[in-house]
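According to Swiss-Prot, the features are:
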| type | residues | note |
| --- | --- | --- |
| DOMAIN | 16-162 | domain 'Thioredoxin' |
| DISULFID | CYS58-CYS92 | disulfide bond |
| ACT_SITE | CYS58 | active site, cysteine sulfenic acid (-SOH) intermediate |
Amino acid sequence: MATFLGNPVTFTGSQLQVGEIAHDFSLITPALEKKSLADFAGKKKVLSIIPSIDTGICSMQTRHFNKTLSDLEDTVVLTVSVDLPFAQGKWCAAEGLDNAIMLSDYYDHSFGKAYGLLINEWHLLARAVLVLDADNKITYVEYLDNINSEPNYDAAIEAVKVLG
């Protein structure tokens, strides 16, 4: 059972599994542009899903994946939260991560519902990492039972590297 701040939580929707094709989405960037999965066609994708960029672990996760994977060819890190796009942009500017791709699900939580990550009790996204190949097939997933803990960075990074 997943917990957030030590309390059990429930989710809307079903979590995706390895072998499935990732659902398309429409999310908002800090520049208020809509982005979908199709905008990253032909690239390997790391979906780094966090509750809020304004927390220590979420900031650490976002920095780690962006700094570690930014040099890999044909690979993008997509950080998804329900933070307002303005907050995401402000965080990136403060951290000097100008090339980080931040996507907000604040508007209708459609991403959280489709991916089974919307926490019913808080209307935040659960912490998760999904790796997609260039055809959007899910090759790695980590759903954290303790949403207040860090993901297994090494396993996710290795999952990207084995895609070539």
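Backbone N, Cα and C define each Cβ position, glycine as well.
Shown in sequence order, PRO30, ASP98, ALA100, MET102 are the residues of the chain, 6+ apart in sequence, with a C-beta less than 8 angstroms from the C-beta of CYS92 (disulfide bond). In sequence order, ILE50, PRO51, SER52, SER81, ARG127 constitute the residues six or more apart from CYS58 (disulfide bond) in its chain with CB-CB distances below 8 Å. Helix, strand and coil counts under DSSP for the domain 'Thioredoxin' (16-162) come to 43 helix, 39 strand, 65 coil.
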